[in-house]
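Right, I'll just put the structure down here and ask away after.
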């Protein structure tokens, strides 16, 4: 297991808000909370940046963090991430910000302390490129989008 350093940037995190945490024993992602003074309106079809009040430092170049939407917010309310996935590099040390996008037709309200996203840590493979003139031929070759059809017999 790797240790990830965390820094509290906003004093409200010490008093009222909890640090990222797993909701259940089987959770893969740690919930990230909105560090706000007051409720913020996210208008329909608009985006907003929500501060978390924390910074992390991964330090290990073989680990990255991904900020992902919470499934319930996306499915039930239409609230997803404005950048779809937030990629946190191992050398980033700034505040974690959540870009929320309201893809619904209804305004949505983000309250202080709301769980608005989740963060997971994943291993990274950092390959070296080998320059070649040609690849070894495969049965797929250059076939791309839709090449296997819709029903795709296995």
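Just so you know, glycine gets a Cβ as well, placed from its N, Cα and C.
Checked Swiss-Prot, it gives:
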type	residues	note
BINDING	70, 71, 72, 83, 87, 88, 89, 97	substrate binding site
Translate the DSSP assignment of residue 89 (substrate binding site) into the three-state scheme.
coil
Provide the number of Cβ atoms within 10 Å of the Cβ of residue 88 (substrate binding site), excluding the reference atom itself.
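By my count, 19.
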What does DSSP say about residue 71 (substrate binding site): helix, strand or coil?
helix
DSSP three-state call for residue 97 (substrate binding site): helix, strand or coil?
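The residue in question, residue 97 (substrate binding site), is strand (DSSP, three-state).
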By a 10 A CB contact count over all chains shown, which of the binding-site residues listed here is most packed: 87, 97?
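Ranked by Cβ atoms within 10 Å, first place goes to 97.
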Quick one: give me the count of other CB atoms within 10 A of the CB of residue 70 (substrate binding site).
21
Using only the residues recorded as binding substrate (70, 71, 72, 83, 87, 88, 89, 97), report the maximum Cα-Cα distance in Å, whole number please.
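The two farthest binding residues have Cα atoms 26 Å apart.
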